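Asker: Submitted below is the structure of interest, expressed as C-alpha cells.
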C-alpha cells in the first residue's frame with residue numbers, strides 16, 4: 001500500500017479559515033484499497049514550516065507528497081510547475097517574519113521542477129470536470145518556500161518520491177467576504193486532490209501535451 | 001401556499017450545457033411547506049422566449065418569478081438590478097436572429113427596476129456563504145431581453161409580483177473547458193436560488209444598505 | 001461655430017489627481033475652426049454637481065455636452081450608453097454625503113439613453129487606434145448621478161442637444177501607485193475626446209453595428 | 001562610454017505589429033553622453049533567436065542587455081525575475097515549430113535569475129510615474145526561451161554583464177483591436193526602458209524592498 005502525505009496551512013493575512021487545510025483534512029477521510037492518506041497542518045511561517053515538513057517526511061515515509069496552499073484570487077485548481085530559491089514576503093508571516101530577497105536554501109539551485117506528472121494530471125482533471133491549470137509561479141511567500149523546501153529535500157534525500165504543490169482558490173464562504181473574487185467548492189477541491197494523487201500513482205512517464213503560456 | 005416560477009435557458013454560443021437550466025431543474029426538486037417551485041425552460045431566442053414566459057406566467061400565476069441565465073466569466077451569483085429596453089446581439093441567438101439596437105418593447109420605458117428586494121437578498125446570500133453581488137447590467141442579449149419582457153409584463157399586467165433576473169457563473173465542468181474562467185458548483189447556485197426565493201417571500205420593504213459601484 | 005461643453009471632476013476617494021479634469025482642461029486648449037470647447041470643473045458631490053452643470057449649460061448654451069469621469073480599473077476609453085435614476089454610494093462624496101438607493105430626480109424615468117451616436121463613435125475611435133468600448137453601466141456614484149442629471153436636463157429643457165458620459169482609465173502616474181491597474185496616456189484620452197466630439201458633430205443618424213454584451 | 005544592447009521581436013500570433021520592436025527601435029534614437037544604445041530585431045523563432053542574440057552579443061560587446069517582448073493582456077511594464085529551462089509552446093513559432101517540454105539548454109540549470117537590479121528599477125519606474133511590476137514568470141514561449149538563452153550566455157561567457165527581460169503591454173492601436181485589453185503608450189514604454197537602463201548603469205547593489213507576490 002502506498003502512502004500519501006498531504007499538507008495544508010493555517011489561516012493568514014486576515015482570513016479566519018485556510019481552504020488548504022479544510023481540503024486536506026477532508027481528504028484524509030478518503031479511503032482507498034491501494035493507498036492511505038496522511039494529513040498534516042503546516043504553520044504559515046518561514047523556516048518552521050520546512051522543519052516540520054521534513055520531520056513529517058521522516059516519520060511517514062511517503063511515496064507521494066502534495067503540499068496545498070490558498071491562492072486568493074485564482075479561479076482554478078492550479079498545479080505548480082517550479083519552486084524558486086527566494087523568499088520575498090509582501091506581508092509578514094504568522095510569526096511576524098518578513099524576509100526579503102533571501103534564499104530558501106543557502107547555495108541551493110535557482111529552481112526545482114515538481115516531480116509530479118503535471119500534464120497527465122491537468123488532462124485528467126479536465127476530463128473529470130475540474131477547472132485546472134498549470135502555474136509557473138507559486139509566488140515568493142510561504143507557499144513557494146515550502147514547495148522549494150520539499151523539492152530540495154526530495155532531491156537530496158528522497159530520490160524517486162513524487163512531490164509538488166497545489167494552489168487552490170478561496171472557498172465560497174471566503175469569497176462571500178472578498179467581493180467579486182472567484183471561488184471553488186470544497187468537494188471540487190477534494191476531488192481534484194484525489195485525481196492528482198491517483199494520476200501521480202498511475203503515471204510513470206508524463207504526457208507530452210500543450211500546457212504552456214505565451215507570457 | 002405561494003407559487004414560484006423559475007426559468008432557465010437552453011445552451012447557446014457553442015456550450016453544450018446551460019448552468020441556468022441545470023440549476024433550475026434541480027431547484028424544482030426542492031420541497032417546502034410554504035411554497036412550490038415550477039421550473040420552465042426558455043429558448044435562447046429573441047421574442048419567442050418572451051412569448052413563452054408570458055404564457056407560463058398566465059398558466060402558473062406565480063407570486064415570485066426568477067429568470068436565470070449564464071454569465072460566462074463572472075465569478076459570483078449576481079442579482080440584476082435593471083432591465084433595459086434594447087436588443088444588441090453580439091452573436092446570433094439559437095434561431096440565427098441577431099437584432100441590433102432595436103427595442104425589446106416598442107414604446108416601452110428605457111428601463112425597469114427589478115421588484116426583488118436586492119439588498120436583503122445579497123445580505124442573506126453573504127451570510128449563507130454564497131459569493132454574491134448586485135449587477136447593474138444584464139447585457140443586451142437574450143438574458144436582458146427576457147428580463148425586460150418579464151418586468152414589462154409585471155408592470156402592465158401583474159402588479160405586486162416580485163420578479164427579477166439572476167446571472168450565474170459557469171459550472172465547474174464548463175470552466176474546465178474554458179481555461180482560466182471562474183465557476184460555481186451547482187449546489188451553491190441552487191442554494192443561492194433558494195435563499196433568493198425565501199428572502200423575496202419574507203421581505204416587504206428592502207434593506208437600505210451599501211451595494212453600489214463607483215463605476 | 002458650434003460650442004462644446006466638457007466637464008471633469010475633482011479628485012476623490014484618496015486620489016490626488018482626477019484624470020477626467022486633467023484631460024478636460026488639456027482638451028480646452030485644442031483649437032478648431034468649426035467648434036470651440038469650454039471646460040468646466042464639477043465637484044465630486046451629489047446634487048451640487050448637477051446644479052453647477054445646469055448653470056453651465058445655461059451660461060454656455062452648448063450643442064454637444066460631454067461629462068467625463070474616472071473609472072479606476074477599466075482599461076478602455078468607454079462611452080456610457082445609459083444613465084439610471086439611482087444614487088447608491090459605496091463611499092462618501094467629497095462633502096461626506098453617501099445617499100443609498102435614492103433617486104437622482106424624484107419621479108424621473110428609470111433611465112435615459114445617451115444622445116451621442118455611440119456606435120459611430122466607437123467605430124471611429126477604433127479606426128484611430130484608441131482602445132474603446134461601450135459601457136452599459138456608469139455605476140451608481142456621482143458619475144452616473146451627473147450623467148442622469150445631464151440627460152434629464154436635455155430631455156426637459158434642451159431637445160436636440162447631444163450629450164453623454166465618458167469613463168476613462170487611470171493615468172499612468174496614478175496606476176504606478178495602484179499596482180497592476182491598467183492606464184491610458186493623457187494624449188490618448190484627449191485624442192479620444194476630440195474623436196468623440198467630431199463624430200458627434202458629423203453624425204446625424206447613428207450606425208447600426210454590433211456593440212452589445214452577452215452579459 | 002557604455003554600450004547597451006536592446007532587442008525586440010517581430011510580430012507573432014496574428015498581430016501585425018510587435019510593440020517590443022516598435023519600442024526598441026524608437027529607443028535606439030535616444031542619445032546620451034554616457035551610453036549608446038544598439039537595437040536588434042530577433043525572430044519569434046525557437047533556437048534561431050538565441051543564435052542571433054549570441055552573435056549580436058559577440059559583435060556589440062554590451063555592458064547591459066535588455067530583451068523586450070510583448071505580453072498581450074498585461075497592464076504594466078514588467079521586469080522579469082527568472083528565466084526557466086523549458087520550452088512549452090502553446091502556439092507554433094513564426095517558423096511553425098512548437099516544442100513541448102524540451103529544455104532551452106540541454107543540461108542547463110532549472111533557472112537563472114536576471115542580473116538586473118529589479119527592486120531599484122521598479123522603485124525608480126514608479127517614481128517616474130510608469131506603471132511597473134516584477135514578474136515571476138516570462139511564460140514558456142520564445143520570450144522565456146530568449147531570456148534563458150541570454151542569462152545562460154552571460155553565466156558561461158560574459159560574467160558581470162547585466163541582463164534581463166522586459167515584458168510590455170499591447171500598444172493602444174493593438175488594444176483597439178483586442179476588445180477590453182489594457183495597453184501602454186509607446187512613449188511610456190520607451191521612457192520605461194530608459195529608466196531601466198539608467199538604473200542598471202547606476203546601481204551596484206540592488207535595493208532590499210518588498211516586491212514579492214503571495215501567490
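Any Cβ shown, glycine's included, is placed from N, Cα and C.
Take a look at what TrEMBL says about it:
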type: ACT_SITE; residues: C:80; note: active site
type: ACT_SITE; residues: C:143; note: active site
type: ACT_SITE; residues: C:167; note: active site
Asker: Far apart in sequence but close in space: which same-chain residues, 6 or more away, have a Cβ under 8 Å from residue C:143 (active site)?
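Answerer: Within the chain, residue C:143 (active site) has Cβ neighbours under 8 Å at C:9, C:67, C:69, C:71, C:165, C:167.
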Asker: Just how many other Cβ atoms lie inside 10 Å of the Cβ on residue C:80 (active site)?
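Answerer: By my count, 26.
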Asker: Neighbour count, 10 Å Cβ-Cβ cut-off, for residue C:167 (active site): what number do you get?
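Answerer: So the number of other Cβ atoms within 10 Å of residue C:167 (active site) is 26.
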Asker: Going by DSSP, is residue C:143 (active site) part of a helix, a strand, or coil?
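Answerer: For residue C:143 (active site) - judged by DSSP and reduced to three states - the answer is helix.
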Asker: Near chain B: which of the active-site residues C:80, C:143, C:167 have their Cβ closer than 8 Å to one of its Cβ atoms?
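Answerer: Only C:143, C:167 pass the 8 Å Cβ test.
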Asker: Reduce the DSSP letter at residue C:80 (active site) to three states and note it down.
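Answerer: Going by the DSSP assignment, residue C:80 (active site) falls within a strand, counted as strand.
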